[in-house]
Structure formats: C-alpha cells, structure tokens
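Q: There's a structure below that I have some questions on.
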Amino acid sequence: MVQFGSRANTNMTGLPTEQAVEDRRVGNPKRDRMRNALVIVLGEFCGTFMFLLLSFIGAQTALVTNSPSDAGSPLLPFSLMYIAASFGTALAVNVWIFYRVSGGMFNPAVTLGLVLVGAVTPIHALLIIPTQLVAAITAAGITDALLPGKLLVTNALGNGTSVAQGVFIEMFLTSQLVLTVYFLAVEKHRSTHLAPIGIGISVFIAHICATNWTGTSINPARSFGPSVVAGFHGYDWIYYIGPFMGSLLAFGCYKIFKVLEYQTANPGQDDDNLDRSGHHHFFGHRKEPMPHTHTDNIEPKDHGVPQRNDSVIDDQMV
C-alpha cells in the first residue's frame, strides 16, 4: 500500500515522487473494493434505518388513534391512508437520498431481484441483506423506545385471511414493487431520476391493498425487525417466503419482456437514443434502432438531464 511521506515515496524536498502520485491516482483495486463495500453497507444501513424508523412511527401513530376502544378493529380509511403514506413517502425520500450511495434497496426482496438481473453481485448481496435486517431491528427497537405503549407495527393476518392467502397477497404485491424497480431504475431512460417517486407510489398502493389483510410486508426486513422486538407469530415465514416468491415472479416477467425485446413493440417511448450513453441491457439482448425524435440532439447524461453550458455561465459571470 502506498504511504505518502515515507522515504520510498518522497524525494529530497519531502514531496511525493511522481510514482507515488501516479499510484494514488490509479488507486489500489483491493482497497477500493473494500471501501466501496463499506460505503454500500453504510448506505444501506442508514437508508433502511431511516425509511423504517419514519414508517414505523407513522404506522404506530395511525394504529393508536384508529379505534382506541378496540385495538383489534379493522383500520379506518384515514388510518389506512396514514400508514400507506408513511411507508410510501418515507421510502421515496430515502431512495432518492441513497440511490447514488448504495442503490437504495432497503429490502431483501428487492436485493434478490437485482441479483437475478446482475445489477448487484451475490457477494454484495451477502453483505447487504444482513445489514438491512440489522437496520430493521434497530429501527423497531428505537421506535419502541421512543413511543409510549406496546409496539403495534408487527405484521399479522387479519379479517379471516388464511396463511395461503397471505403468502400469495405478499407475492403479488412484492412482484409489483420489484417490477417497478426493474423498469424505472434498472432500465435507464430519461425519467430514471424520478424512479424513487414511482417506487414510493408502488409501496403506497400496496399498503392500501393489503394492510387490512396481511399488514403489508412486501419486505422481509420490515417484518423481521418488529418481530424481533415485539415477538413472533407462528406464521412469520409467510412474510419472508411471499416477498421472495414475488421477486422470482417479477424476474420471470421481466426476463420474458427482455427476451421478446419489448423495446421494439412500442418504439420511441421515453427513448432518446440512450445507447450512446451506455444504456444498460441485461442478458446481452440486442436493441433495434429506433426512429429519431426531436430530442435526439440532446446528449443524455445524468439520467437524461441535459448538461448546463458552463462556458456560457462563466461568460455571464465575467
């Protein structure tokens, strides 16, 4: 490892040698890999923690005000909306913050989905998923410590929902979330930078649909954290198996569209010849040329946002 200031890497003046400067510029691949892994782990911990802390506090607030005289009563419409908004907006804002750091996954089912398409390496996934689980436990524990009363945000079946029904509800809703990630974040286009909004909306509508039936997990970490703090049910496995089944279902659907080269079926939609800027194509599928549009003269960078003309700005400042 290069150490600036050592005799081997400095000249008579005490300044770094040209070789030392070049080594620092090129970098140490092993050290860089370790640093990147650390950044990803820290990003996933911070993002998962903040997402779930805000979500748990919002959900706890809705649950304690839902029907104080009957804690087991079905959610009232305003309570349901409150919970859905808490999870959806908390996820959207934290994905927007951390997607450049770690990818903003915060969900083992999403991580599995990204591993399946090659967007996340299996080695990174082995670091990320335990980090997400620890962050979820931490968020649940702090929520329990901050707010009075019993922690109520554990997932549970309700209104006569069977275990089998719960598994498939979680599977289909998670598949919707993972497909949202695939087509808005993995597939690069001019609105990729708005993917956090779509992902948040997907979680919002999932909670509208399923909270009265399964409590809405769609995220094994979200279920695991509160269960560790407040206690497990006998059927907690449905909140782990269901979302992972949803990831597999979404991958199968996405794979079919990629094999069929879906881009050629409805050409020109959200497309500005992004192949020139390194459009990501998984599985090595070829993309047919698309007709030119009036925006083809814009060189898309940073998710399709045109670069500002710094020379013009500099001239104006002189």
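Any Cβ shown, glycine's included, is placed from N, Cα and C.
Among the features that Swiss-Prot reports, compositional bias 'Polar residues' is placed at 1-16. Sequence annotations record features per position, and here Swiss-Prot assigns compositional bias 'Basic and acidic residues' to 285-305. Annotation comment: Swiss-Prot describes ASN159 as N-linked glycosylation site, evidence class sequence analysis. According to Swiss-Prot, the feature region 'Disordered' maps to 1-27, 268-318. Residues or ranges marked as topological domain 'Cytoplasmic' by Swiss-Prot: 1-36, 99-108, 187-193, 258-318. Under the heading topological domain 'Extracellular', Swiss-Prot lists 58-77, 130-165, 215-236. The transmembrane segment annotation in Swiss-Prot covers 37-57, 78-98, 109-129, 166-186, 194-214, 237-257.
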Q: Okay, the transmembrane segment (194-214) and the transmembrane segment (78-98): do they have at least three CB pairs under 8 Å, pairs separated by 6 or more?
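A: Contact criterion met.
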Q: Count the Cβ atoms, other than its own, that fall within 10 Å of the Cβ of ASN159 (N-linked glycosylation site), considering every protein chain shown.
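A: Excluding its own Cβ, ASN159 (N-linked glycosylation site) sees 9 Cβ atoms within 10 Å.
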Q: Using Cβ atoms only, state whether the transmembrane segment (109-129) and the transmembrane segment (194-214) have three or more pairs under 8 Å that are 6 or more apart in sequence.
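A: Stretch pair does not touch.
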Q: Hey, which bits of the same chain come close to the topological domain 'Extracellular' (130-165), Cβ under 8 Å, at least six residues off its ends?
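A: Same-chain contacts beyond the flanks: 41, 44-53, 56-57, 59-60, 63-64, 71, 74, 105-108, 111, 212-217, 220-231, 233, 235-236, 238-239.
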Q: Short question: which residues 6 or more past the ends of the topological domain 'Cytoplasmic' (99-108) have a Cβ under 8 Å from it?
A: 39-44, 47-48, 51-52, 91, 114, 119-120, 128-129, 132-133, 135, 177, 185, 195-196, 218-222, 243-244
Q: DSSP says what for the topological domain 'Extracellular' (215-236): how many helix, strand, coil residues?
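A: Its residues fall into 11 helix, 0 strand, 11 coil.
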Q: Do you know the mean pLDDT across the topological domain 'Cytoplasmic' (99-108)?
A: 94
Q: Should the residue listed as 'N-linked glycosylation site' be counted as helix, strand, or coil on the basis of DSSP?
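A: Where the residue listed as 'N-linked glycosylation site' sits, the three-state DSSP reduction gives coil.
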Q: For the topological domain 'Cytoplasmic' (99-108), how many residues does DSSP put in helix, in strand and in coil?
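A: Counting residues by DSSP class gives 1 helix, 0 strand, 9 coil.
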